[in-house]
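Below is one structure, written out as structure tokens; comments come after it.
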Amino acid sequence: MADGGGEPDQLAGERATAQFDVDGMKVAWAGSRHAVEVADRMARLVASDPVFRKDTRTMLSRKELFKDTLKKAAHAWKRIVELRLTEEEANLLRLYVDQPGYVDLHWGMFVPAIKGQGTEEQQKKWLPMAYKFQIIGCYAQTELGHGSNVQGLETTATFDPSADEFVMHSPTLTSSKWWPGGLGKASTHAVVYARLITEGKDYGIHGFIVQLRSLDDHSPLPGVTLGDIGGKFGSGAYNSMDNGVLRFDHVRIPRDQMLMRLSQVTREGKYVHSDVPKQLLYGTMVYVRQTIVADASKALSRAVCIAVRYSAIRKQFGSQDGGPETQVLNYKTQQSRLFPLLASAYAYRFVGQWLKWLYTDVTQKLEAKDYSTLPEAHACTAGLKSVTTSATADAIEECRKLCGGHGYLNSSGLPELFAVYVPACTYEGDNVVLLLQVSVVLHLVARFLMKTVAQVATGKQPVGTIAYMGNIQHLMQCKSAVNTAEDWLNPAAIKEVFEARALRMAVNCAQNISKAPSQEEGFSELSPDLLEAAVAHVQLIIVTKFIEKLQEDIPGPGVKEQLQKLCSIYALHLLHKHLGDFLSTGCITARQGALANELLGKLYAQVRPNAVALVDAFDYTDHYLGSVLGRYDGDVYPALYEEAWKDPLNETVVPDGYQEHLRPLLKQQLKLSRL
Ligand SMILES: CCCCCCCCCCCCCCCCCCCCCCC/C=C/C(=O)SCCNC(=O)CCNC(=O)[C@H](O)C(C)(C)COP(=O)(O)OP(=O)(O)OC[C@H]1O[C@@H](n2cnc3c(N)ncnc32)[C@H](O)[C@@H]1OP(=O)(O)O
Ligand SMILES: Cc1cc2nc3c(=O)[nH]c(=O)nc-3n(C[C@H](O)[C@H](O)[C@H](O)COP(=O)(O)OP(=O)(O)OC[C@H]3O[C@@H](n4cnc5c(N)ncnc54)[C@H](O)[C@@H]3O)c2cc1C
């Protein structure tokens with residue numbers, strides 16, 4: 001029992017009210033019983049190892065933090081080798097270590113870039129070294145002057161046939177590579193994206209493997225300038241990563257270090273393009289965007305877990321005759337802010353699992369030289385990355401507010417989680433730039449469908465996640481049949497209005513663009529509307545994938561029922577939030593919107609007794625959560641109190657600086673008061 005009103009048993013009481021099997025929900029969340037077991041084992045392995053402690057991380061200086069990251073990475077690798085961990089286990093171990101570091105770019109981008117863009121021969125040469133960490137690689141694409149606009153990169157790779165070499169050069173300040181993680185201090189090699197110039201002609205952006213540092217003493221090679229780009233947002237957080245700057249002064253590399261799967265330069269300097277689509281140059285980004293969607297549910301579920309548990313512990317107001325105050329989780333406002341985020345965590349989890357499947361499917365097709373699904377993979381990864389990361393960043397901040405003042409303390413874990421997460425809205429493609437990519441696809445399909453609407457039944461039908469657009473005749477005119485609040489529980493009713501809203505918004509944009517003097521001008525003028533149409537389309541994908549998940553066999557008493565409620569909450573809170581879209585496109589009436597809101601209130605009340613168990617199903621250790629507010633035992637107040645004393649400021653009772661700055665001030669005031 002905690003002092004002063006903290007009630008750890010409160011969470012036990014909350015767990016007792018759950019109306020479903022938590023173990024079954026853990027399986028639904030993780031994907032399989034095996035996945036629960038492996039995740040649990042890796043989480044405990046990390047939590048029990050003192051090297052992986054992170055409780056003082058936000059108090060470390062940048063240099064200490066970076067060294068701590070190097071130590072953790074080396075130790076993690078040692079454990080992976082000693083224990084002969086599988087790839088699945090190693091990935092989970094990395095997740096639970098929970099510290100961004102150069103290894104992410106090495107495994108997450110350098111290796112995939114070589115796999116995706118290197119020839120078999122190149123893969124045979126470079127991958128074994130990378131797999132054993134004999135070399136450390138990063139992904140050097142972004143420059144000081146250009147990030148989003150990849151075609152605008154300035155670094156040059158000029159072929160010199162006399163030496164059979166490329167000359168890598170940074171011709172301007174703005175061509176300095178700027179941002180690549182792991183580049184600043186750790187990497188020995190990089191996949192560098194540069195303009196290929198041969199026989200006096202610029203062939204655009206291509207990838208090159210470039211050694212940057214000596215493998216003997218780690219010093220930069222001649223002609224290579226390297227450094228870290230400086231401290232970043234927040235304490236701890238992404239400062240563990242050495243995002244770097246790189247400049248080349250006529251650095252020579254052998255011709256065979258150009259990644260040559262997509263195109264080649266011959267010994268004589270001839271440029272040859274293979275039959276592989278040039279967009280595969282962007283393949284590594286597609287791969288990482290897909291992992292970022294899966295990561296959104298991890299970050300969001302952590303924040304929600306902290307906020308739900310703490311809201312069950314925290315009490316304010318409502319005391320009758322000296323009795324206990326009300327748990328803040330019982331306030332309807334708290335529920336209406338928190339439960340949609342809980343539902344979103346589950347929604348992103350399932351759409352992330354689906355996207356992983358889609359990516360694997362596309363990769364298999366690419367290997368068989370079937371490139372037909374590449375545009376779908378690009379649009380889905382870009383759109384889902386954008387929508388899930390933006391919503392997650394906002395949600396983490398909302399969870400901080402939901403935890404009141406204590407949420408602002410580093411010991412709540414939320415400030416660092418926000419700071420480490422928020423760049424996901426920018427890296428791997430700025431979220432607006434990525435949504436514009438989705439809107440191009442939607443616009444083209446909508447335009448095509450408008451033209452061919454008469455013969456749509458016989459014409460070429462859209463497939464994949466835009467298949468619904470083929471149902472244009474129905475979706476442009478349908479009216480929702482919802483008549484009672486409970487009618488909104490029907491997934492078909494939800495799907496119909498989400499499809500109609502997305503299609504009508506895309507068609508409205510296409511119609512308005514067609515009125516502009518040119519398509520380009522129209523596209524530019526209407527880009528804010530196009531973004532909203534893209535968001536509507538992506539939200540439809542998430543809702544649809546959640547509904548499809550519920551059609552699967554989901555074992556465990558009460559598990560499916562809880563997920564059905566969460567699915568309804570996810571969809572209906574979006575409907576409520578974007579009511580303007582649904583009303584202005586005529587998909588629903590104001591009354592139907594009010595009914596949706598009425599049902600939401602009822603669903604929140606039904607989720608309330610299950611809330612703590614629903615976050616327990618994420619199966620996070622206290623180590624991974626890293627939050628005194630989100631502790632499993634709910635013993636929040638003693639932990640908060642204890643944590644405060646660990647702050648370096650409390651190392652002395654009288655602070656450093658007292659003699660120089662406080663004492664003279666206080667003495668001076670004393671003199672003044674005596675006057
Ligand atoms: C301490 C730790 C201890 C632990 C130790 C443990 C040990 C090891 C254990 C294992 C660990 C594993 C860890 C793995 C972790 C992985 C996670 C990775 C972490 C991620 C960190 C992120 C870091 C960030 C990296 C970056 O940011 S990299 C840079 C990203 N940059 C961008 O995204 C740029 C965005 N811009 C663009 O993509 C393009 O410029 C554009 C798409 C906007 C425009 O393209 P373009 O100029 O070419 O023009 P178009 O619009 O006309 O496009 C032309 C056509 O191409 C199509 N297209 C465009 N893009 C794609 C694509 N990607 N795929 C397919 N097709 C594409 C367009 O649609 C056009 O087509 P059309 O011609 O038919 O219309
Ligand atoms: C933490 C972190 C890690 C990173 N790691 C790496 C890495 O490992 N390797 C690497 O190569 N890069 C890395 N990056 C760089 C990252 O990929 C780029 O910052 C990102 O792609 C955005 O590009 P930008 O910085 O040029 O933004 P800009 O494009 O300059 O964006 C600025 C603003 O302009 C808007 N904008 C831009 N273009 C358009 C348009 N066409 N229409 C409308 N609005 C537009 C954007 O929405 C944004 O609001 C990292 C970045 C961060 C923050």
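Cβ coordinates are placed from backbone N, Cα and C, and glycine is handled just like the others.
Within the model, the domain 'Acyl-coenzyme A oxidase N-terminal' (21-136) shows a mean pLDDT value of 98, rounded to a whole number. The feature domain 'Acyl-coenzyme A oxidase N-terminal' is assigned by TrEMBL to 21-136.
Under the DSSP three-state reduction, THR142 (FAD binding site) is assigned to coil, being neither helix nor strand. In the shown protein chains, 18 other C-beta atoms lie within 10 A of the C-beta of THR142 (FAD binding site). The FAD binding site annotation in TrEMBL covers THR142, GLY181.
Per TrEMBL, the feature domain 'Acyl-CoA oxidase C-alpha1' maps to 282-441.
DSSP assigns GLU428 (active site, proton acceptor) to coil in the three-state reduction, placing it in neither a helix nor a strand. Around the Cβ of GLU428 (active site, proton acceptor), 25 further Cβ atoms fall within 10 Å across all displayed protein chains. The active site, proton acceptor feature in TrEMBL is assigned to GLU428.
Taken from TrEMBL, the feature domain 'Acyl-CoA oxidase C-terminal' covers 490-667.
In the three-state DSSP reading, GLY181 (FAD binding site) counts as coil. Mapped onto DSSP helix, strand and coil, the domain 'Acyl-coenzyme A oxidase N-terminal' (21-136) counts 90 helix, 0 strand, 26 coil. Sequence-distant neighbours of GLY181 (FAD binding site) (same chain, six or more apart, CB under 8 Å from its CB) are PRO100, TYR102, ASP104, LEU105, CYS138, TYR139, MET241, ASP242, ASN243, GLY244, listed in sequence order. On the backbone, the CA of THR142 (FAD binding site) and the CA of GLU428 (active site, proton acceptor) stand 10 Å apart.
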